Structure formats: structure tokens, C-alpha cells
Amino acid sequence: MALQPCVIVGLGNPGIEYATTRHNVGFRVLDTLAQRYRVQLTQQRRFLGEVAEVLIQGQKVRLLKPTTYMNSSGQSLHALLNFYKLPLERTLVVHDDADLPLGRLRLRLSGSTGGHNGIKSIIQHCHSQQFPRLKVGIAFGDRLQQQTGPRNAVPFVLGHFSATELAILPAVLDLAVDAIELSIQSGVEVAMNRYNGKSIPLPQA
């Protein structure tokens with residue numbers, strides 16, 4: 001049976017100072033999805049985040065942007081899943097990936113934290129690694145040749161996209177939303193086959 005998500009979570013940090021950072025690309029994907037379906041995400045204290053309900057491919061889907069800050073994202077997701085009695089396995093988590101080049105997506109059915117603190121928090125609070133993720137690449141230029149690690153990752157992910165990177169960012173966000181739509185319609189596995197090999201051409205550094 002196809003794994004079709006009914007909850008889409010975009011990871012990021014709240015606050016205007018973080019809004020345009022690379023680390024917030026998960027938030028921006030969710031905003032793009034909400035705009036496509038003309039719905040408004042609203043803050044709900046019960047869920048420690050901004051939420052909306054939308055019909056996608058005829059299915060009711062809940063959107064969530066945790067406003068707990070990245071490192072506590074799991075608190076928000078756990079609250080929503082517990083309230084609606086929904087399984088973690090049907091949650092698709094959208095987040096940035098500093099090991100993937102900007103313009104690339106990678107869907108995974110499950111896995112470890114991959115060094116991402118938002119994913120780490122979800123695993124800790126929901127007590128499982130068994131949930132699909134949509135990783136959105138943010139690496140660009142010299143970053144593609146660097147080793148990712150705690151020492152150099154933080155300044156990069158909390159930095160802002162350059163004008164060159166911003167030139168393709170809208171297309172990247174649209175591609176990510178397309179992948180979400182197909183995941184909901186046909187299952188994450190089908191979307192993996194279609195989108196894991198696709199990329200938006202990178203601009204020249």
C-alpha cells in the first residue's frame with residue numbers, strides 16, 4: 001500500500017531575522033504550498049505552531065510550521081499528532097540539507113537525524129525514525145566542496161541566500177511543492193522515483 005502523507009511539516013525558525021535564512025527553506029516550501037492552495041496558516045497555541053487544513057488531490061491534509069525554534073520542532077509535531085490521533089508514518093517533514101546542492105531534492109522514507117537538529121527533535125519527541133522526509137538542498141559554490149560538520153555548518157545554514165541563489169529559489173520551492181503533491185496523490189515511493197533524480201540548473205557562482 002502506498003504511503004500517502006496526511007500531515008506536511010515545514011521546519012524552520014520563527015522571527016523575521018530567520019525568515020530568509022537557508023535553514024528556513026522548509027518554512028518557505030510550506031508557505032509556497034499554502035499559497036498554491038490559497039490557504040492561510042494561523043498560529044495555534046495548542047500545537048505550538050502555525051497550522052492550516054487543505055484539500056490536496058481530494059485528500060484532507062494538515063500543514064504545520066512549528067514555532068518552537070528548530071531544535072524543539074518535535075514538541076509541536078507531537079502535540080498535533082497526539083490531538084488528531086494521527087500516525088507519525090503519515091507525516092512528511094520538509095527541511096533543508098546542507099549536503100545537497102541547491103536545486104536538488106531528496107525524498108526518504110525514514111532514517112537517522114542526518115545531523116539536522118529539527119529531525120533530531122522529532123525523533124526524540126515522537127520516539128521513532130519511521131517517517132518520510134523531503135530534503136531540500138541548500139549547498140552552493142564553495143560549500144559543495146566542504147565537509148559538513150558542527151563547526152562550519154551553523155554559520156552557513158543561518159546565513160542568507162545570495163542574489164545568485166535567489167534567482168533559482170522560486171523554482172526550487174515550486175519543485176518541492178510538486179513533489180509533495182505527488183506524494184499525497186500516489187505515495188512517497190512514486191514521488192521518490194520521479195524527483196530524487198531531478199534538479200534545477202544551478203547558476204554560476
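Quick reminder: no glycine exception, Cβ is built from N, Cα and C everywhere.
Remember, predicted model here, so these are calculated numbers, not experimental data.
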According to Swiss-Prot, which candidate in TYR18, TYR37 joins TYR69, ASN71, ASN117 at the tRNA site: TYR18
Rounded Cα separation (Å) that holds between ASN71 (tRNA binding site) and HIS23 (active site, proton acceptor): 12
Proximal residue to TYR69 (tRNA binding site) among recorded positions ASN13, HIS23, ASP96 (C-alpha distance): ASN13
Which same-chain residues, if any, lie at least 6 apart from ASN13 (site 'Discriminates between blocked and unblocked aminoacyl-tRNA') yet have Cβ under 8 Å of it: THR21, HIS23, ASN24, TYR69, MET70
